[in-house]
Amino acid sequence: MSNEDLKLKVAKEAVKLVKDGMVIGLGTGSTAALFIRELGNRIREEELTVFGIPTSFEAKMLAMQYEIPLVTLDEYDVDIAFDGADEVEETTLFLIKGGGGCHTQEKIVDYNANEFVVLVDESKLVKKLGEKFPIPVEVIPSAYRVVIRALSEMGGEAVIRLGDRKRGPVITDNGNMIIDVFMNIDDAIELEKEINNIPGVVENGIFTKVDKVLVGTKKGVKTLKK
């Protein structure tokens, strides 16, 4: 069974949590994209009244494609946010997100939801946060040099994320740059705050406020809770 099959299993299970009348946070990434598709199918088939709040331009375009009505945080609170992750620490359910460069908008929606549910396949589970992925840090462009210096002084190895199909740095939906920092994570809660306290940092990709993780495995979907 491929990772894509496991992601689809999780997406189908997650859609069952959606009830008529809910406002849903629509995450970004491959698993979140499958969830958006399955949610659109369920809304159409069951004639549900469900609204979505997208966490990125990509999520917005997918929601429009699958005819999910969209609203904003200015108008509504979020009942449940569904989002993916680059890696999940099994014992704490702390996450690293932001491989797609959308972690600022994701965190705004996810942290302000009544419930934050993470959707992953089993390959995303790690024993220690930071095992596979760097911490993405969104930075105001004029501050990139001083932010890199501050992260280096904290013991990190910081590099500007460059575009795959363009010259120069990746630019986020907010018009900012991404710095990827490789560093030891002993206290994720404290490090999340510490990085955000650096002047010029918009937001980082450590997520510590998670309610539930749905994990796609070859034996089925398992639920992890704190």
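Keep in mind that glycine also has a Cβ here, set from the backbone N, Cα and C atoms.
Under DSSP, LYS124 (substrate binding site) is assigned to a helix (H, G or I) in the three-state scheme. Within 10 Å of the C-beta of LYS124 (substrate binding site) we count 24 further C-beta atoms, all protein chains included. Taken from Swiss-Prot, the feature substrate binding site covers THR28, GLY29, SER30, THR31, ASP83, GLY84, ALA85, ASP86, LYS97, GLY98, GLY99, GLY100, LYS124.
The feature active site, proton acceptor is assigned by Swiss-Prot to GLU106. A sphere of 10 angstroms centred on the C-beta of GLU106 (active site, proton acceptor) encloses 29 other C-beta atoms.
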Cβ-centroid neighbourhood (8 Å) of the substrate site, THR28, GLY29, SER30, THR31, ASP83, GLY84, ALA85, ASP86, LYS97, GLY98, GLY99, GLY100, LYS124 excluded: GLY27, ALA32
Rounded distance in angstrom between the Cα atoms of GLU106 (active site, proton acceptor) and THR28 (substrate binding site): 8
Maximum Cα-Cα separation in Å among residues THR28, GLY29, SER30, THR31, ASP83, GLY84, ALA85, ASP86, LYS97, GLY98, GLY99, GLY100, LYS124, which the record lists as binding substrate: 15
Helix, strand or coil at SER30 (substrate binding site) [DSSP, three-state]: helix
Neighbour tally for SER30 (substrate binding site), based on other Cβ positions within 10 Å of its Cβ: 15
Neighbourhood of ASP83 (substrate binding site) by C-beta distance under 8 A, where only residues 6 or more apart in the same chain count: GLY25, GLY27, THR28, GLY29, ALA32, THR55, LYS97, GLU106, VAL109, ASP110, PHE116, VAL117, VAL118, LEU119
